[in-house]
Amino acid sequence: MASDNRASVFPFAAAVLVVLLAGGAAADDASSDDDAGTSRTPGCSNKFQLVKVKNWVNGTEGTTFVGLSAKFGAPLPRDIHEAKKSFAVLSNPIDCCSNLTSKLTSSVAIATRGECAFTEKANIAQASGSTGLLVINDNEELYKMVCGENDTSINVTIPVVMIPQSAGKKLKNLLHHGASVEVQLYSPNRPTVDLSACFLWIMAVGTIVCASLWTEFVTCEQVDERYNQLTRKDGPDTGTKYREDKEVFEISAKGAFIFIIVASVFLLLLFYFMSSWFVWVLIVLFCIGGIEGMHACLVTLLARIFKDCGQKTVQLPVLGEVLILSVGIVPFCAVFAILWAVYRHASFAWIGQDVLGICLMITVLQMARLPNIKVASALLSAAFVYDIFWVFISPLIFHESVMIAVARGDNTGESIPMLLRIPRFFDPWGGYDMIGFGDIIFPGLLVGFSYRFDRANRKGVLSGYFLWLIVGYAVGLFITYLALFLMDGHGQPALLYLVPCTLGKGYCYSWLVKR
C-alpha cells in the first residue's frame, strides 16, 4: 500500500498533543450541588435547586432562563402545571432593602443584589404582599443565597430565586418601558435514569473494542508474534523498532511519567491562561487530529471494501505518490471538520464532534502502543494519580477543581473539544453528558495490548484477558456514572474507577490463572 497510508509526523504530533490536553473527568454540566457547610437553622435548610423561569411579555412567551433557589423560602412546584403565573413588578427601591412604595400584591418582586441581607429582602417583599422574589445577581453566575450568622429563625413563606445578570437586565428594561411581564417558577425533577449516559457508555466501550480489533479485522494485519510474552521481545533481524513500515509509537515507562507531567503543565496553562484565542488553538489542533483520524479510518475501510481502489496511486507535486482514495477523502474530511468548527454551537454539533473524536481515538490507539505490562502499569498508575489530584485535590490548592474548570471552559463561553458528548434528550434541564478522551485512550491502550497478547498466545475469548478487560472497563464506566448521579452532578475522576476495573482486574485474573 502506498506510503500516504501512514500518518505524517505533524498530524501525529498534533494528535498526541490533543490526547495530552484531554480532560479526565466525567462531567455533568447542569449541577445543582448543595453546600454542606451552610446554616441549618430553622427555615434555612432547603436544598439549592435549579429553577426554570418562564416569562411572557405582553402575552407572548419569551425565552426561559434558569435561576437558583435560596436556602430559605417556600419550595417550588416540580410540575409546570402546578406553577402559577404571576405578574412581575420592580421593587421600589430596587434593592428591596427598605419599605416598598410599589404595589406587589399577588406579584413577583424583582430586586437587585446588595445593600442588605437576602433574608431581609425576602421579608420586606413578603410583607408587601409579594408571591415571590427574583434577585438579580451582579454577574452571570448563580450565587447561593444563604442565611446570615444573625438569622436565628427564618419565616420566609415565598420562593426566593437568584437569576443571572443578563436575564435580570432584560426584565428590568421591559418593565421600565411599560411592558406587561408575567413569570412562572418551577423546578422539574431530573430523570432517575439518564438514557443519554447509556448512549455515551456504549460509544466509549464501542470505541475501545473497535480500536482493539481494527488492525486485524479491518486492515487485515497479522498480530506480531513478538507479543507472545507479557514483555515483548524483538526478533533477531528487526532491531528494536516494531513494524518499521508503519509509524507506531511504543510508550516507555519513563515516557509514561513524562507524559503525565507534561499533561499537568498544559492543564495549568489552560487553567491560568484560558481565553477564547487559547480555546481556538485547541479547536484547530482538534480539527487537525480529527481530519487525520477520519482520513485514516475512511481510507482503511474503503480500501478493505474496494480492494482495487485501495491499490491505485497517483503522483502529486511535493506529496509524491499518494492513494487516489486519499485525494478524494482528505478534502471531504477537511470540509467536515471546518463545518463542525463553524457550527460548533449548534444543537447538532455534538454529532460532528463525536465522529471526529472517535476517529481520532481509533487512530491514536493504532499509533501508540504499550510494549509490556510493566509500562501499562506505570502509565495507568500515573494517570490514576493525575486524575484524582486534578479533580479532587486541586481545589485545596487552587480553590476550585482545575480539571473541571478547564473542561467547562470557564470565562470563555467555550468548552474544550477533547470530549465525547451527547445531549440529555429526556432531561427537562437539557445540557450534555461528557467524557474526556483520556478516559477512553488510557484504558484503551491496555485493552489493545491485552488483545494482541491473547492473539499471539492463541488464547480463546473466555481464557484470554481481552474480554475480561472490556467487561472491566464497561463496569468501571458504569460505576463512574453511578458516582456522578450519587454526587449530584459533581465531576468525577473517571480513572479513579476505570484503572482498578481494568488494570486491577487484569492482575487479579492473571493471579487466578496461575493458581
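Along the chain as shown, the residues are counted starting at 1.
Backbone N, Cα and C atoms are what each Cβ position is placed from, and that goes for glycine too.
What TrEMBL says about a protein is an automatic prediction, not a curated fact.
Sorting each residue of the domain 'PA' (103-171) by its DSSP state yields 17 helix, 15 strand, 37 coil. Residues annotated as domain 'PA' in TrEMBL: 103-171.
Here TrEMBL flags 1-27 as signal peptide.
Annotation source TrEMBL lists transmembrane segment at 199-219 (among others).
Among the features that TrEMBL reports, transmembrane segment is placed at 251-273 (among others). Counting residues 6+ beyond its ends, the transmembrane segment (251-273) has Cβ neighbours under 8 Å at 20-21, 368-371, 374-375, 378-379, 382-383, 385-386, 390, 398, 402-403, 405-406, 416, 445 in the same chain.
Annotation comment: TrEMBL describes 279-306 (among others) as transmembrane segment.
What TrEMBL records for 318-342 (among others) is transmembrane segment.
With a cut-off of 8 Å between Cβ atoms, the residues of this chain six or more beyond the transmembrane segment (348-368) that come close are 7, 12, 15-16, 18-19, 203, 207-208, 210-212, 214-215, 247-251, 286-287, 289-294, 296-297, 336-337, 339-340, 417-423, 432, 437, 440-441, 444-445, 448. Per TrEMBL, transmembrane segment is recorded for 348-368 (among others).
What TrEMBL lists as transmembrane segment is 375-398 (among others).
Per TrEMBL, the feature transmembrane segment maps to 434-453 (among others).
Annotated transmembrane segment per TrEMBL: 465-487 (among others), in sequence order.
Annotated transmembrane segment per TrEMBL: 493-512 (among others), in sequence order.
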What residues elsewhere in the chain lie close to the transmembrane segment (375-398), defined as a C-beta under 8 angstroms and at least 6 residues from its ends? 24-25, 251-253, 256-257, 259-260, 263-264, 267, 271, 404, 438, 442-443, 445-446, 449, 491-496, 499, 502-503
Can you tell me which recorded stretch out of 434-453, 465-487, 493-512 has the most Cβ pairs within less than 8 Å of the transmembrane segment (199-219)? 434-453
